[in-house]
Structure formats: structure tokens, C-alpha cells
């Protein structure tokens, strides 16, 4: 039995929505990591009052006041993009900045729709942080996103809460739906039809919520359970939102000994995942519609592919190049260092199965998810894997190595 840390995506949204509510909220089981601390601290600087700890936090919203200092987003793209949507709807001036990694990630995709709504932005060349926002009284828009992005969709929807008129977001494919799901449960008029989300401006009262375990964190252990000899792993109290279970769907397509069930609903579906050693994995071409639903987990498919029969192919995943690192390049370069044959595409990769991972040293380039991936690879390698600067896992999963050690011992 394994419990993974609370969900990072939902923690960000719970903090933001509780700060936007009209009355106090009580939040249970929030994830405390470097990314979510940035969201918490920014909301505090804007005037929100927090009491308690991350296991039980009371949130007392206040009207936002213009901050004197620039607001630090650290390494958190979610903080930057979601707070851009919120701040665009307040008639005040704010500046967002981040660490060197975040300052290389593109912000044009969120600036464009928010400027169409009436906010003004000024950013570095090529629309990188730091970024100044002059908020305004916004107008609702109908916007087609160029890529399926839950962060862009959420930024526009959060801005639409205080806009005049209806806000519509249309995506090329479905992305994570935490924001619209939570808003709807809070009584905000939200309609979802396929990849189209329609929101009417609204206010809402405070709420009580328990954050489920993070399926993206559980994914590392679920994959380990499938590829490690004599493994049996059960993950409990984990979020099973259908827009987050893409990896589980792909593992079933590959023939993994895997099952999951929903045991309760609390704004989000929560349940249990069970996995056992899966010696008969088969390579797959990951279906295009699943790619946006597992964007953070796609590199793990390469690890599954090493042990599968036949070819495993990921395409239409160019978004991976715009994460904390260029995850396609970092994956391919480091797998080759470990003796794994892998082919790189502009929008993905291909790996031929039934290989072995010899071992060696890798550099995740400060990317928390890549560091965790290579650590899992080390456990199924011949000689072990040395992961440079592995402390970067604290961005999303501070006790990853402690939990990994427990799993290996048991």
C-alpha cells in the first residue's frame, strides 16, 4: 500500500479559487512543494490570509491589493499562467518573474487571449518572463487555443469569472479539466461540450475540499511495478480524473497487469491503482487523443518501451520541448548514455523493445520529472544510474526518494 503526495495541479487551483471566493474555505491535504509555495506566497502578497498548515488550511479571501514588489513564480509555469489570468481581471499593475528555467518558457500563448480580453502585457523579447500585467475590466471572448493546454484554458476561464459577457475556450483536443470541474462544482455556470468550454461570469462562496493523491507522482511507481521483477504495488487515495489517466490507458494497451477503481468523489474522483510485474508488454503507438491527457507522463512510456516487445512510438508531443527542460532531447540524450537505442523526432520518439538499460550517469538538467524517471530506470538497470542534481525533485515531490526506498525495501 502506497500513498503518494497530494495532487499539484489541484493544489494550485484550490489555493487560487479559495482566494477568489466570497467567504472562507477549508482545504485539506494540500501539496507543499516549491511550486505550490509560490502560488500560496503570491496570493498572500495580494492580501489573502491563510491559517493553519498544509494538512488543514483555512483561507480568508480579501479584495486584492496592488503589491509593491514583483511576484516570484520560481520554477512554476502553472503559477505564472493561472495567476496571469487572475491578475488580468484586476485593475492594478503587477510583475511576475521566475527562475532561469521558467524564464525560458514561452508565455505568448497566455498573453494573446488575455490581451484580446482587454488586459495589457509587457514581457521580455519572445514573450519570456519577467512580465508586467496591467489588469483591466475584461470582456468575454471566444478563443481557439493553438495547442491543447490546461494552463492556457484555465487562465482564460479564471479571467472570464470577472469579465463582461460569456467566455468560450475551444481546444484542438481535450486537456486536463480540473478548473472547469471545480468551478462547476462551486456553482459557476460552466458548460463543457467535448473540447468546448463555455463560462458565464460569476461569484461563488467558499468551500471545503480534500486534495487527492497526485496521479502524475503515482505514475513513477505504477511504471516501476510493471517493469520490475516480482513487483506488486497498490497506490491508494489517488486522483483518477479521466483527463489524467492517459498513462493507465496506454499501459493497458501495452498489456500491463494493471487495474484501477474509483472509490469516492470529492469534487474530483479518487480511487486505487494496482499493478504487478508485467513480463508480456507489447509496444504501441500512443493514440493522438491521449497525448494531451498524459503530457507529463509521456517520457515514462519510453521506459515501458524498453521492456516491451516491438516498437513504442510517441508523436504529436512537441509540447514536451516546452516543459522545465526540452524533455524529448533530455530523454533521448540520457537514454543513449545508458546504452538504450532510441530515435528522436521533432514531436516525439521511437524505441525498439526488449533492450536492457546498462547504467551510467545522467543529467536531467534540473527537471524534476526527468530526475525521477532516471531514478526509476536505475532500479531496473544492470549497473545503476547516477542522477546529477537529483534534489530538483523537491519542485513537485519532496519525499520521492524516501518513498522509493520504502517501496524497494518492501
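Every residue number used here counts from 1 along the chain in the order it is shown.
Any Cβ shown, glycine's included, is placed from N, Cα and C.
Bear in mind that the values here come from a model prediction, so they are computed numbers and not experimental data.
Same-site candidate for 3-phosphoshikimate binding, as annotated by Swiss-Prot with 8, 9, 13, 149, 151, 296, chosen from 45, 134, 174, 323: 323. For residue 105 (phosphoenolpyruvate binding site) paired with residue 13 (3-phosphoshikimate binding site), the C-alpha to C-alpha distance reads 21 Å. In the three-state DSSP scheme, residue 13 (3-phosphoshikimate binding site) is classed as helix.
Per Cα geometry, 296 is the residue among the recorded positions 296, 327, 369 nearest to residue 149 (3-phosphoshikimate binding site).
With respect to their backbone Cα atoms, residue 151 (3-phosphoshikimate binding site) and residue 77 (phosphoenolpyruvate binding site) stand 8 Å from each other. Between residue 296 (active site, proton acceptor) and residue 327 (phosphoenolpyruvate binding site), the C-alpha separation comes to 10 Å. With respect to Cβ neighbours within 10 Å, the binding-site residues 13, 105, 323 differ, and 105 shows the lowest count.
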